[in-house]
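K.L.:
Attaching a single structure in structure tokens format; questions to follow.
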């Protein structure tokens with residue numbers, strides 16, 4: 001028996017409008033060698049007709065596979081990845097609720113606190129994995145734009161949460177997979193089918209039902225939290241945030257696995273913090289919360305955001321991206337429940353209809369990507 005060298009599989013696509021990044025546990029290095037129970041050259045292996053594919057060797061068939069019959073495979077708990085996804089969605093939703101509860105703190109300042117927590121979390125990982133702080137020379141420009149678009153998406157999303165209903169802003173963010181497919185078609189020359197166009201139209205319809213522009217719904221728009229001007233500003237901010245998040249995903253696909261996951265988050269946190277500090281001084285909005293409750297909320301937003309990101313990463317490590325993307329739509333369900341229970345704001349039927357359109361669109365996009373990846377895996381088996 002001899003050792004043969006395995007390679008990693010393709011990176012999984014993104015989930016639910018949140019940012020998709022390569023989990024740290026999957027980057028074992030380009031030269032990682034996995035022990036495979038392969039026969040020596042010239043030796044005939046019994047049962048060679050029982051060829052099968054496994055995920056550990058990216059579709060390689062047995063016997064050139066590290067999980068040949070008779071080897072022990074580490075057991076995983078069924079549904080654990082989906083449970084992590086649900087937990088991640090819940091933590092993100094609770095963090096959004098706390099953001100709605102904060103008074104007299106600008107969304108840019110909240111984003112700055114979030115960036116500080118991200119830096120504190122990522123810094124030990126950078127030191128442990130010895131990735132450096134700048135990254136490969138040819139990838140730094142992509143990392144810069146990844147940080148710029150990612151932090152912009154965060155600031156605008158927080159602003160949308162503050163000025164419009166929680167459920168409305170959450171639903172709009174779920175148009176991210178649709179816009180990601182469109183941008184990937186434009187910049188990465190990925191396939192864009194009629195189904196993708198249909199899902200895009202569904203997503204746009206959902207956003208229109210949530211925004212309810214007066215030229216379509218009349219001058220008296222009901223069910224709006226606060227003034228319609230703030231609702232419209234929040235809608236524009238949420239859409240721009242979604243486009244920025246989709247741009248981030250396209251950049252990450254372009255970079256691939258050549259950059260460590262922690263380094264990507266590091267750029268996101270550092271550039272976001274610098275941008276937030278500059279914006280706060282320009283807007284003259286920097287102030288510490290006078291209320292102790294708001295200070296606690298700021299800390300909890302940072303911790304819950306980190307927890308949601310960690311559990312989402314763990315889910316993508318042990319579960320396929322398709323089921324994770326579909327289960328991630330529970331963000332919308334949690335947002336509706338928390339809005340009714342703690343904010344005393346009942347969603348209108350227009351919002352419910354828009355949510356159904358957007359969720360159907362994002363779920364359809366995720367299912368198509370999932371089926372496409374399964375089809376490619378079967379082709380590799382052949």
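Note that Cβ sites are derived from N, Cα and C of the backbone, with glycine treated the same way.
Unlike curated entries, TrEMBL annotations are predicted automatically.
Given the structure is predicted, the values throughout are model-derived calculations rather than measurements.
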K.L.:
If I go by TrEMBL, the feature transmembrane segment sits on one of 56-74, 265-283. Which?
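P.N.:
Going through 56-74, 265-283 one by one, TrEMBL gives transmembrane segment for 265-283.
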K.L.:
Using DSSP, what's the helix, strand and coil tally for the domain 'EamA' (233-362)?
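P.N.:
Helix (H, G, I), strand (E, B), coil: 110 helix, 0 strand, 20 coil.
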K.L.:
Most CB pairs under 8 Å with the transmembrane segment (235-253): which of 141-161, 195-215, 295-312?
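P.N.:
By the under-8 Å Cβ criterion, the transmembrane segment (235-253) pairs most with 141-161.
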K.L.:
The transmembrane segment (111-129) and the transmembrane segment (349-367): do they have three or more Cβ pairs under 8 Å, with pairs 6 or more apart in sequence?
P.N.:
no
K.L.:
Against which stretches of its own chain does the transmembrane segment (295-312) lie, if we need a Cβ under 8 Å and a gap of at least six residues from its ends?
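P.N.:
Residues 15, 18, 84-85, 87-89, 91-92, 94-95, 98-99, 101-102, 105, 110, 113-114, 116-118, 121, 288-289, 324, 328.
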K.L.:
What parts of the chain pack near the transmembrane segment (324-343), using Cβ distances under 8 Å and only residues at least 6 beyond its ends?
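P.N.:
Distal contacts: 13-16, 18, 81-82, 85-86, 88-90, 92-94, 96-97, 100-101, 165-167, 170-171, 173-174, 177, 312, 315-316, 355, 358-359, 362-363, 365-367, 369-370.
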K.L.:
How many helix, strand and coil residues does the domain 'EamA' (80-211) contain under DSSP?
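P.N.:
For that range the per-state counts are 110 helix, 0 strand, 22 coil.
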